[in-house]
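The block underneath contains the structure these notes are about, expressed in C-alpha coordinates.
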Amino acid sequence: MILRSSCTAKMFLRRCYSSFSSHPLRVCVVGSGPAGFYTAEKMLKAHQNAEVDIVDRLPTPFGLVRSGVAPDHPETKIVTNQFSRVAHNDRFSYIGNVTLGSSISLSELRDLYHVVVLAYGAESDRAFGIPGEDLSGIHSAREFVWWYNGHPDCSNLAPDLKSTDTAVVLGQGNVALDVARLLLRPTTELATTDIASSALDALYESSIRKVYLVGRRGPVQAACTAKELREILGIKDLYIHIQNVDLLTTPADEEEMKSNRIRRRVYELLSKAASSETSGPSPGQRELHFVFYRKPDKFVESNEKSGHVAGVQLEKTVLRGTGIQTAVGTGQFEELGCGLVLKSIGYKSVPVDGLPFDHHKGIVPNVMGRVLSNNPEETTQFERGLYVSGWLKRGPTGIVATNLYCAEETVASITEDIKKGDIFSANALAKPGKDGLIHILDDRNVKIVPFSSWEKIDNEEKRLGSLVGKPREKLQSWNELLRVAMS
Ligand SMILES: Cc1cc2nc3c(=O)[nH]c(=O)nc-3n(C[C@H](O)[C@H](O)[C@H](O)COP(=O)(O)OP(=O)(O)OC[C@H]3O[C@@H](n4cnc5c(N)ncnc54)[C@H](O)[C@@H]3O)c2cc1C
Ligand SMILES: NC(=O)c1ccc[n+]([C@@H]2O[C@H](COP(=O)([O-])OP(=O)(O)OC[C@H]3O[C@@H](n4cnc5c(N)ncnc54)[C@H](OP(=O)(O)O)[C@@H]3O)[C@@H](O)[C@H]2O)c1
(Lines of atoms letter the chains of each structure in order from A and count residues from 1; the text may use other names and numbers.)
(Lines give C-alpha, C1' and ligand atoms only; values in the text may rest on other atoms or scores of the structure.)
(Ligands and ions follow the chains in the order given, each with its own letter.)
Protein backbone atom coordinates (compact mmCIF):
# COMPACT_ATOMS: atom_id res chain seq x y z
CA MET A 1 0.00 0.00 0.00
CA ILE A 2 1.33 3.48 -0.85
CA LEU A 3 1.59 5.67 2.18
CA ARG A 4 0.19 9.17 1.85
CA SER A 5 2.76 11.98 1.83
CA SER A 6 2.41 14.17 4.84
CA CYS A 7 2.01 17.93 4.55
CA THR A 8 5.64 18.44 5.58
CA ALA A 9 6.88 16.26 2.72
CA LYS A 10 4.69 18.16 0.26
CA MET A 11 5.96 21.50 1.52
CA PHE A 12 9.55 20.28 1.29
CA LEU A 13 9.03 19.15 -2.31
CA ARG A 14 7.47 22.49 -3.29
CA ARG A 15 10.57 24.23 -1.93
CA CYS A 16 12.81 21.84 -3.87
CA TYR A 17 11.00 22.47 -7.15
CA SER A 18 11.23 26.22 -6.86
CA SER A 19 14.60 26.83 -5.22
CA PHE A 20 17.11 24.80 -7.26
CA SER A 21 19.33 27.12 -9.27
CA SER A 22 21.41 24.54 -11.16
CA HIS A 23 19.56 21.98 -13.16
CA PRO A 24 21.14 18.56 -13.23
CA LEU A 25 19.39 15.89 -15.21
CA ARG A 26 17.83 13.76 -12.46
CA VAL A 27 17.64 10.09 -13.33
CA CYS A 28 16.23 7.27 -11.23
CA VAL A 29 16.82 3.64 -12.16
CA VAL A 30 14.69 1.05 -10.36
CA GLY A 31 16.57 -2.23 -9.88
CA SER A 32 20.27 -2.81 -9.29
CA GLY A 33 20.74 -5.93 -11.43
CA PRO A 34 22.84 -5.92 -14.59
CA ALA A 35 20.22 -3.94 -16.53
CA GLY A 36 20.08 -1.26 -13.83
CA PHE A 37 23.84 -0.92 -13.40
CA TYR A 38 24.60 -0.95 -17.14
CA THR A 39 21.90 1.70 -17.66
CA ALA A 40 23.38 3.85 -14.88
CA GLU A 41 26.90 3.45 -16.27
CA LYS A 42 25.84 4.42 -19.80
CA MET A 43 23.76 7.39 -18.57
CA LEU A 44 26.64 8.77 -16.47
CA LYS A 45 28.97 8.47 -19.43
CA ALA A 46 26.62 9.95 -22.03
CA HIS A 47 25.36 12.84 -19.87
CA GLN A 48 27.91 14.72 -17.78
CA ASN A 49 25.08 16.74 -16.19
CA ALA A 50 23.24 13.60 -15.08
CA GLU A 51 22.86 12.50 -11.47
CA VAL A 52 21.81 8.87 -11.36
CA ASP A 53 20.20 7.12 -8.39
CA ILE A 54 19.48 3.40 -8.32
CA VAL A 55 16.80 2.23 -5.93
CA ASP A 56 16.45 -1.44 -5.07
CA ARG A 57 14.07 -3.23 -2.76
CA LEU A 58 16.93 -5.21 -1.21
CA PRO A 59 19.69 -3.91 1.06
CA THR A 60 22.08 -5.74 -1.30
CA PRO A 61 22.77 -4.69 -4.90
CA PHE A 62 23.41 -6.63 -8.15
CA GLY A 63 20.09 -8.50 -8.66
CA LEU A 64 20.44 -11.99 -10.08
CA VAL A 65 24.23 -11.75 -10.18
CA ARG A 66 24.01 -12.19 -6.40
CA SER A 67 20.77 -14.15 -6.10
CA GLY A 68 20.51 -16.07 -9.41
CA VAL A 69 23.94 -16.97 -10.76
CA ALA A 70 24.92 -20.34 -9.31
CA PRO A 71 27.43 -20.43 -6.42
CA ASP A 72 29.76 -22.64 -8.48
CA HIS A 73 29.98 -19.93 -11.20
CA PRO A 74 32.19 -17.38 -9.37
CA GLU A 75 33.70 -16.06 -12.61
CA THR A 76 30.28 -14.72 -13.68
CA LYS A 77 30.09 -12.63 -10.50
CA ILE A 78 33.29 -10.72 -11.26
CA VAL A 79 31.12 -8.19 -13.11
CA THR A 80 30.11 -6.82 -9.68
CA ASN A 81 33.56 -5.16 -9.52
CA GLN A 82 32.61 -3.11 -12.58
CA PHE A 83 29.22 -2.25 -11.02
CA SER A 84 30.94 -1.21 -7.77
CA ARG A 85 33.15 1.20 -9.71
CA VAL A 86 29.98 2.79 -11.11
CA ALA A 87 28.62 3.05 -7.56
CA HIS A 88 31.66 5.12 -6.53
CA ASN A 89 31.03 7.76 -9.18
CA ASP A 90 30.32 11.13 -7.47
CA ARG A 91 27.16 11.54 -9.51
CA PHE A 92 25.75 8.15 -8.49
CA SER A 93 23.80 6.98 -5.43
CA TYR A 94 22.55 3.53 -4.45
CA ILE A 95 19.39 3.68 -2.35
CA GLY A 96 18.66 0.17 -1.08
CA ASN A 97 15.73 -1.18 0.94
CA VAL A 98 13.28 0.88 -1.15
CA THR A 99 10.49 -0.93 -2.97
CA LEU A 100 8.78 0.63 -5.94
CA GLY A 101 5.07 0.09 -5.35
CA SER A 102 5.14 0.18 -1.54
CA SER A 103 7.89 2.52 -0.26
CA ILE A 104 7.32 4.89 -3.17
CA SER A 105 4.87 4.94 -6.08
CA LEU A 106 5.72 5.22 -9.75
CA SER A 107 3.90 8.53 -10.10
CA GLU A 108 5.86 9.95 -7.16
CA LEU A 109 9.16 8.87 -8.72
CA ARG A 110 8.17 10.43 -12.04
CA ASP A 111 7.43 13.68 -10.21
CA LEU A 112 10.81 13.59 -8.48
CA TYR A 113 12.99 12.79 -11.52
CA HIS A 114 13.22 13.88 -15.15
CA VAL A 115 13.90 10.31 -16.24
CA VAL A 116 12.79 7.04 -14.63
CA VAL A 117 14.17 3.76 -15.98
CA LEU A 118 12.50 0.61 -14.71
CA ALA A 119 14.92 -2.32 -14.55
CA TYR A 120 13.33 -4.37 -11.80
CA GLY A 121 13.57 -7.71 -13.56
CA ALA A 122 11.17 -10.63 -13.26
CA GLU A 123 10.43 -11.72 -9.72
CA SER A 124 7.57 -14.13 -10.26
CA ASP A 125 7.11 -17.45 -12.05
CA ARG A 126 5.34 -18.89 -15.04
CA ALA A 127 2.86 -21.54 -13.92
CA PHE A 128 1.48 -24.67 -15.59
CA GLY A 129 -2.05 -24.09 -14.37
CA ILE A 130 -2.62 -27.84 -13.90
CA PRO A 131 -4.17 -29.74 -10.95
CA GLY A 132 -2.01 -30.26 -7.86
CA GLU A 133 0.36 -27.38 -8.55
CA ASP A 134 0.07 -26.10 -4.98
CA LEU A 135 0.98 -29.41 -3.27
CA SER A 136 3.87 -29.18 -0.85
CA GLY A 137 7.19 -30.43 -2.21
CA ILE A 138 6.67 -28.38 -5.40
CA HIS A 139 8.74 -25.22 -5.70
CA SER A 140 9.54 -22.86 -8.49
CA ALA A 141 13.19 -22.89 -9.56
CA ARG A 142 13.25 -19.16 -8.69
CA GLU A 143 12.44 -19.92 -5.04
CA PHE A 144 14.92 -22.81 -4.92
CA VAL A 145 17.66 -20.65 -6.48
CA TRP A 146 16.90 -17.78 -4.09
CA TRP A 147 17.13 -20.28 -1.21
CA TYR A 148 20.55 -21.65 -2.11
CA ASN A 149 21.79 -18.14 -2.94
CA GLY A 150 20.70 -16.71 0.42
CA HIS A 151 18.00 -14.29 -0.83
CA PRO A 152 16.24 -13.03 2.32
CA ASP A 153 12.76 -13.72 0.85
CA CYS A 154 13.48 -17.47 0.62
CA SER A 155 15.74 -18.11 3.60
CA ASN A 156 12.89 -20.06 5.23
CA LEU A 157 11.97 -22.15 2.18
CA ALA A 158 13.48 -25.33 3.70
CA PRO A 159 12.86 -27.66 0.75
CA ASP A 160 12.62 -31.23 2.01
CA LEU A 161 15.60 -33.07 0.51
CA LYS A 162 15.56 -35.86 3.07
CA SER A 163 12.25 -37.67 2.52
CA THR A 164 12.80 -38.75 -1.07
CA ASP A 165 15.52 -40.04 -3.36
CA THR A 166 13.97 -38.56 -6.51
CA ALA A 167 13.53 -35.01 -7.77
CA VAL A 168 11.83 -33.95 -11.00
CA VAL A 169 12.93 -30.72 -12.67
CA LEU A 170 10.41 -29.49 -15.22
CA GLY A 171 11.98 -27.49 -18.08
CA GLN A 172 15.34 -27.85 -19.81
CA GLY A 173 16.74 -24.32 -19.87
CA ASN A 174 19.94 -23.19 -18.15
CA VAL A 175 18.13 -22.54 -14.87
CA ALA A 176 16.87 -26.14 -14.88
CA LEU A 177 20.46 -27.28 -15.42
CA ASP A 178 21.65 -25.05 -12.55
CA VAL A 179 19.20 -26.51 -10.03
CA ALA A 180 19.79 -30.10 -11.22
CA ARG A 181 23.55 -29.57 -10.97
CA LEU A 182 23.28 -28.19 -7.44
CA LEU A 183 21.30 -31.28 -6.39
CA LEU A 184 23.75 -33.70 -7.99
CA ARG A 185 27.16 -32.14 -7.57
CA PRO A 186 29.32 -33.58 -4.75
CA THR A 187 28.65 -31.31 -1.79
CA THR A 188 32.36 -31.03 -1.03
CA GLU A 189 32.71 -29.11 -4.29
CA LEU A 190 30.08 -26.60 -3.15
CA ALA A 191 31.58 -26.12 0.30
CA THR A 192 34.11 -23.57 -0.95
CA THR A 193 31.56 -21.47 -2.86
CA ASP A 194 29.33 -18.64 -1.60
CA ILE A 195 26.31 -20.98 -1.30
CA ALA A 196 24.04 -20.13 1.65
CA SER A 197 25.12 -22.13 4.70
CA SER A 198 21.58 -23.48 5.33
CA ALA A 199 21.44 -24.79 1.76
CA LEU A 200 24.88 -26.37 2.07
CA ASP A 201 23.79 -28.12 5.29
CA ALA A 202 20.60 -29.39 3.63
CA LEU A 203 22.54 -30.64 0.61
CA TYR A 204 24.99 -32.47 2.89
CA GLU A 205 22.04 -34.33 4.38
CA SER A 206 20.15 -34.73 1.09
CA SER A 207 18.94 -38.20 0.16
CA ILE A 208 18.25 -37.22 -3.43
CA ARG A 209 20.10 -39.54 -5.78
CA LYS A 210 18.01 -39.31 -8.97
CA VAL A 211 17.12 -36.19 -10.89
CA TYR A 212 14.79 -36.26 -13.91
CA LEU A 213 15.10 -33.29 -16.29
CA VAL A 214 11.84 -33.21 -18.22
CA GLY A 215 11.25 -31.33 -21.48
CA ARG A 216 8.04 -31.06 -23.48
CA ARG A 217 10.04 -31.08 -26.73
CA GLY A 218 13.03 -33.07 -28.01
CA PRO A 219 16.81 -32.96 -27.55
CA VAL A 220 17.16 -30.62 -30.53
CA GLN A 221 14.90 -28.09 -28.80
CA ALA A 222 16.37 -28.29 -25.27
CA ALA A 223 16.67 -24.62 -24.22
CA CYS A 224 20.05 -24.95 -22.48
CA THR A 225 23.40 -23.93 -23.96
CA ALA A 226 26.38 -26.19 -24.70
CA LYS A 227 28.75 -24.91 -22.00
CA GLU A 228 26.19 -25.44 -19.24
CA LEU A 229 25.18 -28.86 -20.61
CA ARG A 230 28.81 -29.96 -20.79
CA GLU A 231 29.23 -28.91 -17.17
CA ILE A 232 26.38 -31.06 -15.82
CA LEU A 233 27.34 -34.01 -18.02
CA GLY A 234 30.85 -33.73 -16.57
CA ILE A 235 29.82 -34.11 -12.91
CA LYS A 236 32.07 -36.65 -11.20
CA ASP A 237 30.71 -40.19 -10.91
CA LEU A 238 27.27 -39.44 -12.36
CA TYR A 239 25.17 -42.00 -14.22
CA ILE A 240 23.42 -40.38 -17.20
CA HIS A 241 20.43 -41.87 -18.96
CA ILE A 242 18.85 -40.79 -22.24
CA GLN A 243 16.46 -43.01 -24.21
CA ASN A 244 17.91 -43.72 -27.65
CA VAL A 245 14.49 -43.44 -29.26
CA ASP A 246 14.34 -39.78 -28.15
CA LEU A 247 17.47 -39.03 -30.14
CA LEU A 248 15.90 -39.93 -33.50
CA THR A 249 15.52 -36.77 -35.55
CA THR A 250 13.01 -35.69 -38.19
CA PRO A 251 13.69 -33.54 -41.27
CA ALA A 252 12.24 -30.59 -39.32
CA ASP A 253 14.78 -31.21 -36.53
CA GLU A 254 17.60 -31.34 -39.08
CA GLU A 255 16.40 -28.00 -40.49
CA GLU A 256 16.41 -26.48 -36.99
CA MET A 257 19.96 -27.68 -36.39
CA LYS A 258 21.12 -26.38 -39.76
CA SER A 259 20.02 -22.87 -38.88
CA ASN A 260 21.12 -22.93 -35.22
CA ARG A 261 24.63 -23.95 -34.19
CA ILE A 262 23.81 -24.00 -30.46
CA ARG A 263 20.94 -26.47 -31.05
CA ARG A 264 23.25 -28.72 -33.06
CA ARG A 265 25.95 -28.61 -30.38
CA VAL A 266 23.46 -29.42 -27.60
CA TYR A 267 22.06 -32.32 -29.64
CA GLU A 268 25.58 -33.66 -30.30
CA LEU A 269 26.49 -33.50 -26.61
CA LEU A 270 23.32 -35.38 -25.63
CA SER A 271 23.94 -38.01 -28.33
CA LYS A 272 27.50 -38.48 -27.13
CA ALA A 273 26.34 -38.83 -23.51
CA ALA A 274 23.77 -41.46 -24.58
CA SER A 275 26.33 -43.45 -26.54
CA SER A 276 28.78 -43.58 -23.62
CA GLU A 277 26.05 -44.71 -21.20
CA THR A 278 26.88 -47.76 -19.07
CA SER A 279 24.40 -50.62 -18.56
CA GLY A 280 23.06 -49.13 -15.32
CA PRO A 281 23.99 -47.10 -12.26
CA SER A 282 26.32 -48.63 -9.71
CA PRO A 283 24.96 -48.89 -6.14
CA GLY A 284 24.56 -45.46 -4.56
CA GLN A 285 25.65 -43.66 -7.73
CA ARG A 286 23.82 -40.42 -8.46
CA GLU A 287 21.67 -40.43 -11.59
CA LEU A 288 20.58 -37.82 -14.11
CA HIS A 289 17.77 -38.81 -16.50
CA PHE A 290 16.92 -36.65 -19.49
CA VAL A 291 13.24 -37.12 -20.35
CA PHE A 292 12.04 -35.69 -23.66
CA TYR A 293 8.63 -35.33 -25.33
CA ARG A 294 6.70 -35.26 -22.04
CA LYS A 295 4.53 -32.47 -20.65
CA PRO A 296 3.08 -32.40 -17.16
CA ASP A 297 -0.66 -33.05 -17.01
CA LYS A 298 -1.17 -33.07 -13.24
CA PHE A 299 0.74 -33.42 -9.98
CA VAL A 300 -0.12 -36.52 -7.97
CA GLU A 301 -0.80 -36.31 -4.24
CA SER A 302 0.83 -38.76 -1.86
CA ASN A 303 -1.40 -41.37 -0.18
CA GLU A 304 0.80 -41.50 2.89
CA LYS A 305 1.50 -37.79 3.34
CA SER A 306 -1.63 -35.76 2.68
CA GLY A 307 -1.05 -32.53 0.75
CA HIS A 308 2.42 -33.61 -0.44
CA VAL A 309 3.48 -34.38 -3.98
CA ALA A 310 4.21 -38.03 -4.84
CA GLY A 311 4.68 -37.75 -8.58
CA VAL A 312 3.94 -36.03 -11.85
CA GLN A 313 1.57 -37.40 -14.47
CA LEU A 314 3.18 -36.73 -17.83
CA GLU A 315 1.55 -36.74 -21.25
CA LYS A 316 3.64 -37.93 -24.18
CA THR A 317 3.98 -35.35 -26.92
CA VAL A 318 4.88 -35.14 -30.59
CA LEU A 319 6.20 -32.08 -32.39
CA ARG A 320 4.14 -30.27 -34.97
CA GLY A 321 4.89 -27.41 -37.36
CA THR A 322 7.96 -26.18 -39.12
CA GLY A 323 10.44 -23.53 -38.00
CA ILE A 324 9.61 -23.42 -34.30
CA GLN A 325 8.04 -26.82 -33.67
CA THR A 326 5.50 -27.04 -30.86
CA ALA A 327 4.68 -29.93 -28.53
CA VAL A 328 1.24 -31.47 -28.93
CA GLY A 329 -0.20 -34.01 -26.46
CA THR A 330 -0.87 -37.56 -27.71
CA GLY A 331 -3.35 -38.62 -25.04
CA GLN A 332 -0.87 -41.20 -23.68
CA PHE A 333 0.02 -40.73 -20.03
CA GLU A 334 2.59 -42.10 -17.60
CA GLU A 335 3.47 -41.31 -14.01
CA LEU A 336 6.88 -40.36 -12.71
CA GLY A 337 7.18 -40.83 -8.95
CA CYS A 338 9.12 -38.26 -6.91
CA GLY A 339 9.06 -36.36 -3.63
CA LEU A 340 10.41 -33.03 -4.89
CA VAL A 341 9.43 -31.03 -7.97
CA LEU A 342 11.21 -27.92 -9.21
CA LYS A 343 9.31 -26.02 -11.89
CA SER A 344 11.81 -24.31 -14.16
CA ILE A 345 9.69 -23.01 -17.00
CA GLY A 346 10.66 -19.36 -16.85
CA TYR A 347 10.41 -16.25 -14.73
CA LYS A 348 7.69 -13.59 -15.01
CA SER A 349 7.70 -9.84 -14.39
CA VAL A 350 5.06 -8.18 -12.24
CA PRO A 351 3.48 -4.77 -12.89
CA VAL A 352 3.28 -1.87 -10.44
CA ASP A 353 0.43 0.63 -10.15
CA GLY A 354 0.24 3.09 -13.02
CA LEU A 355 2.56 1.13 -15.34
CA PRO A 356 1.38 -0.02 -18.77
CA PHE A 357 1.85 -3.80 -18.80
CA ASP A 358 1.41 -6.56 -21.35
CA HIS A 359 0.12 -9.44 -19.21
CA HIS A 360 0.34 -11.91 -22.06
CA LYS A 361 4.04 -11.31 -22.75
CA GLY A 362 4.81 -10.39 -19.13
CA ILE A 363 6.72 -7.25 -20.12
CA VAL A 364 6.26 -3.50 -20.19
CA PRO A 365 5.22 -2.62 -23.76
CA ASN A 366 8.01 -0.52 -25.22
CA VAL A 367 9.79 0.53 -28.37
CA MET A 368 13.56 0.46 -27.86
CA GLY A 369 13.07 1.08 -24.16
CA ARG A 370 10.48 3.89 -24.45
CA VAL A 371 7.35 2.85 -22.54
CA LEU A 372 4.27 2.82 -24.75
CA SER A 373 1.39 4.74 -23.25
CA ASN A 374 -1.98 3.10 -22.64
CA ASN A 375 -3.59 6.34 -21.57
CA PRO A 376 -6.10 7.41 -24.22
CA GLU A 377 -5.76 11.01 -23.03
CA GLU A 378 -1.98 11.07 -23.66
CA THR A 379 -1.16 13.15 -26.69
CA THR A 380 2.04 11.22 -27.37
CA GLN A 381 2.57 7.56 -28.11
CA PHE A 382 5.01 7.15 -25.22
CA GLU A 383 5.00 7.77 -21.46
CA ARG A 384 7.10 10.93 -21.15
CA GLY A 385 10.38 10.34 -19.28
CA LEU A 386 9.60 6.66 -18.56
CA TYR A 387 11.84 3.86 -19.89
CA VAL A 388 12.56 0.16 -19.34
CA SER A 389 15.66 -1.99 -19.48
CA GLY A 390 16.59 -5.67 -18.96
CA TRP A 391 14.21 -8.57 -18.30
CA LEU A 392 11.29 -6.22 -17.63
CA LYS A 393 11.78 -4.82 -21.14
CA ARG A 394 12.60 -7.97 -23.15
CA GLY A 395 11.20 -10.83 -21.07
CA PRO A 396 13.14 -13.27 -18.87
CA THR A 397 15.82 -14.44 -21.27
CA GLY A 398 19.43 -13.57 -21.90
CA ILE A 399 22.70 -13.69 -20.04
CA VAL A 400 24.28 -10.87 -18.01
CA ALA A 401 25.99 -9.34 -21.07
CA THR A 402 22.69 -9.24 -23.03
CA ASN A 403 21.61 -6.51 -20.63
CA LEU A 404 24.56 -4.36 -21.64
CA TYR A 405 23.25 -4.09 -25.22
CA CYS A 406 19.73 -3.71 -23.89
CA ALA A 407 20.80 -0.81 -21.63
CA GLU A 408 22.71 0.82 -24.49
CA GLU A 409 19.55 0.81 -26.58
CA THR A 410 17.47 2.34 -23.79
CA VAL A 411 20.08 5.03 -23.09
CA ALA A 412 20.24 5.85 -26.81
CA SER A 413 16.46 6.41 -26.76
CA ILE A 414 16.74 8.66 -23.69
CA THR A 415 19.56 10.65 -25.32
CA GLU A 416 17.53 11.11 -28.49
CA ASP A 417 14.50 12.32 -26.48
CA ILE A 418 16.68 14.76 -24.53
CA LYS A 419 18.10 16.12 -27.80
CA LYS A 420 14.56 16.62 -29.08
CA GLY A 421 13.84 18.60 -25.87
CA ASP A 422 11.10 16.15 -24.92
CA ILE A 423 12.16 15.45 -21.35
CA PHE A 424 14.87 17.87 -20.31
CA SER A 425 16.28 21.18 -21.46
CA ALA A 426 18.33 24.04 -19.96
CA ASN A 427 15.19 25.87 -18.90
CA ALA A 428 13.33 22.74 -17.83
CA LEU A 429 11.79 22.65 -14.39
CA ALA A 430 14.32 21.60 -11.75
CA LYS A 431 13.40 18.34 -10.06
CA PRO A 432 14.13 17.35 -6.44
CA GLY A 433 15.69 13.97 -7.30
CA LYS A 434 17.43 12.14 -4.45
CA ASP A 435 16.87 14.83 -1.78
CA GLY A 436 13.15 14.79 -2.43
CA LEU A 437 13.04 11.00 -2.49
CA ILE A 438 14.91 10.68 0.78
CA HIS A 439 12.67 13.23 2.39
CA ILE A 440 9.55 11.27 1.44
CA LEU A 441 11.11 7.96 2.55
CA ASP A 442 12.20 9.50 5.82
CA ASP A 443 8.70 10.76 6.38
CA ARG A 444 7.45 7.19 5.86
CA ASN A 445 10.05 5.77 8.19
CA VAL A 446 11.70 3.76 5.40
CA LYS A 447 15.31 3.09 6.44
CA ILE A 448 17.41 3.44 3.32
CA VAL A 449 20.62 1.47 2.73
CA PRO A 450 23.26 3.49 0.86
CA PHE A 451 26.16 1.81 -0.96
CA SER A 452 28.48 2.42 2.00
CA SER A 453 26.11 0.35 4.17
CA TRP A 454 26.04 -2.42 1.57
CA GLU A 455 29.84 -2.36 1.84
CA LYS A 456 29.48 -3.08 5.56
CA ILE A 457 27.38 -6.15 4.67
CA ASP A 458 29.91 -7.10 2.02
CA ASN A 459 32.82 -6.87 4.47
CA GLU A 460 30.99 -8.82 7.14
CA GLU A 461 30.03 -11.58 4.68
CA LYS A 462 33.63 -11.84 3.49
CA ARG A 463 34.88 -11.94 7.08
CA LEU A 464 32.44 -14.71 8.01
CA GLY A 465 33.34 -16.57 4.82
CA SER A 466 37.05 -16.43 5.57
CA LEU A 467 36.40 -18.29 8.85
CA VAL A 468 35.00 -21.31 6.95
CA GLY A 469 37.01 -21.23 3.72
CA LYS A 470 34.28 -19.61 1.59
CA PRO A 471 34.56 -16.40 -0.46
CA ARG A 472 31.63 -15.07 1.58
CA GLU A 473 29.04 -16.32 4.03
CA LYS A 474 25.83 -14.63 2.96
CA LEU A 475 23.64 -12.99 5.57
CA GLN A 476 20.30 -14.59 4.83
CA SER A 477 17.66 -12.75 6.81
CA TRP A 478 16.26 -9.25 6.51
CA ASN A 479 17.02 -8.65 10.19
CA GLU A 480 20.68 -9.63 9.91
CA LEU A 481 21.18 -7.67 6.70
CA LEU A 482 19.60 -4.52 8.10
CA ARG A 483 21.36 -4.88 11.47
CA VAL A 484 24.78 -4.98 9.80
CA ALA A 485 23.85 -2.25 7.31
CA MET A 486 22.75 0.08 10.11
CA SER A 487 25.70 -0.75 12.42
C1 LIG B 1 18.92 -18.71 -11.81
C2 LIG B 1 19.63 -17.85 -12.84
C3 LIG B 1 20.98 -18.06 -13.09
C4 LIG B 1 21.63 -17.26 -14.04
N5 LIG B 1 22.94 -17.52 -14.30
C6 LIG B 1 23.59 -16.78 -15.22
C7 LIG B 1 24.96 -17.03 -15.50
O8 LIG B 1 25.60 -17.93 -14.93
N9 LIG B 1 25.58 -16.24 -16.44
C10 LIG B 1 24.91 -15.24 -17.08
O11 LIG B 1 25.52 -14.52 -17.89
N12 LIG B 1 23.59 -14.99 -16.84
C13 LIG B 1 22.93 -15.74 -15.93
N14 LIG B 1 21.60 -15.50 -15.68
C15 LIG B 1 20.91 -14.41 -16.40
C16 LIG B 1 21.13 -13.02 -15.73
O17 LIG B 1 21.12 -13.18 -14.34
C18 LIG B 1 20.03 -12.04 -16.20
O19 LIG B 1 20.18 -11.83 -17.60
C20 LIG B 1 20.09 -10.68 -15.51
O21 LIG B 1 20.28 -10.75 -14.14
C22 LIG B 1 18.80 -9.86 -15.77
O23 LIG B 1 19.06 -8.57 -15.31
P24 LIG B 1 17.94 -7.53 -14.80
O25 LIG B 1 18.72 -6.37 -14.30
O26 LIG B 1 16.94 -7.31 -15.86
O27 LIG B 1 17.18 -8.25 -13.59
P28 LIG B 1 17.67 -8.69 -12.15
O29 LIG B 1 19.06 -9.16 -12.16
O30 LIG B 1 16.63 -9.63 -11.65
O31 LIG B 1 17.61 -7.36 -11.25
C32 LIG B 1 16.40 -6.80 -10.83
C33 LIG B 1 16.60 -6.01 -9.55
O34 LIG B 1 15.39 -5.29 -9.27
C35 LIG B 1 15.11 -5.35 -7.88
N36 LIG B 1 13.66 -5.17 -7.70
C37 LIG B 1 12.68 -6.05 -8.01
N38 LIG B 1 11.49 -5.52 -7.75
C39 LIG B 1 11.71 -4.28 -7.26
C40 LIG B 1 10.85 -3.23 -6.80
N41 LIG B 1 9.52 -3.35 -6.83
N42 LIG B 1 11.42 -2.10 -6.33
C43 LIG B 1 12.78 -1.95 -6.30
N44 LIG B 1 13.62 -2.91 -6.73
C45 LIG B 1 13.10 -4.05 -7.22
C46 LIG B 1 15.63 -6.71 -7.46
O47 LIG B 1 15.90 -6.75 -6.06
C48 LIG B 1 16.89 -6.84 -8.32
O49 LIG B 1 18.02 -6.35 -7.64
C50 LIG B 1 20.92 -16.26 -14.74
C51 LIG B 1 19.56 -16.06 -14.48
C52 LIG B 1 18.92 -16.85 -13.53
C53 LIG B 1 17.46 -16.65 -13.26
N1 LIG C 1 25.01 -20.14 -17.13
C2 LIG C 1 24.24 -19.30 -17.79
O3 LIG C 1 24.69 -18.61 -18.70
C4 LIG C 1 22.80 -19.17 -17.39
C5 LIG C 1 22.33 -19.82 -16.26
C6 LIG C 1 20.97 -19.70 -15.94
C7 LIG C 1 20.15 -18.92 -16.75
N8 LIG C 1 20.65 -18.30 -17.82
C9 LIG C 1 19.79 -17.56 -18.73
O10 LIG C 1 18.65 -17.06 -18.08
C11 LIG C 1 17.52 -17.11 -18.97
C12 LIG C 1 16.35 -17.79 -18.30
O13 LIG C 1 16.58 -19.19 -18.19
P14 LIG C 1 15.37 -20.22 -17.96
O15 LIG C 1 15.96 -21.57 -17.90
O16 LIG C 1 14.54 -19.73 -16.83
O17 LIG C 1 14.45 -20.01 -19.23
P18 LIG C 1 14.45 -20.64 -20.71
O19 LIG C 1 15.81 -20.75 -21.25
O20 LIG C 1 13.45 -19.85 -21.46
O21 LIG C 1 13.91 -22.15 -20.52
C22 LIG C 1 12.59 -22.39 -20.13
C23 LIG C 1 12.28 -23.89 -20.23
O24 LIG C 1 10.95 -24.09 -19.77
C25 LIG C 1 10.20 -24.80 -20.76
N26 LIG C 1 8.80 -24.40 -20.69
C27 LIG C 1 8.28 -23.15 -20.75
N28 LIG C 1 6.93 -23.20 -20.62
C29 LIG C 1 6.62 -24.51 -20.47
C30 LIG C 1 5.39 -25.20 -20.29
N31 LIG C 1 4.22 -24.55 -20.20
N32 LIG C 1 5.40 -26.54 -20.19
C33 LIG C 1 6.58 -27.22 -20.23
N34 LIG C 1 7.78 -26.63 -20.40
C35 LIG C 1 7.79 -25.28 -20.51
C36 LIG C 1 10.85 -24.42 -22.07
O37 LIG C 1 10.50 -25.36 -23.05
P38 LIG C 1 10.16 -24.87 -24.56
O39 LIG C 1 11.49 -24.60 -25.18
O40 LIG C 1 9.44 -26.02 -25.12
O41 LIG C 1 9.31 -23.63 -24.43
C42 LIG C 1 12.34 -24.45 -21.66
O43 LIG C 1 12.80 -25.77 -21.63
C44 LIG C 1 17.99 -17.82 -20.21
O45 LIG C 1 18.29 -16.92 -21.24
C46 LIG C 1 19.23 -18.53 -19.75
O47 LIG C 1 20.17 -18.77 -20.79
C48 LIG C 1 21.96 -18.39 -18.17
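Yeah, the Cβs are placed from backbone N, Cα and C, and that goes for glycine too.
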Residue in Glu189, Glu228, Glu231 which TrEMBL records at the NADP(+) site where Gln172, Gly173, Asn174, Val175, Arg216, Arg217, Gly398 also bind: Glu228
Of the candidates Trp391, Trp454, the one that TrEMBL places in the FAD site of Ala35, Leu64, Leu100: Trp391
Distance, Trp391 (FAD binding site) to Arg217 (NADP(+) binding site) (CA atoms, angstrom): 24
Distance from Leu64 (FAD binding site) back to Gln172 (NADP(+) binding site), taken between C-alpha atoms, in Å: 19
Binding-site residues compared (Ala35, Leu64) - the one with the fewest other Cβ atoms within 10 Å: Leu64
Pairwise Cα distance for Gly398 (NADP(+) binding site)/Trp391 (FAD binding site) [Å, integer]: 8
Cβ-Cβ neighbours of Arg217 (NADP(+) binding site) (radius 10 Å): 21
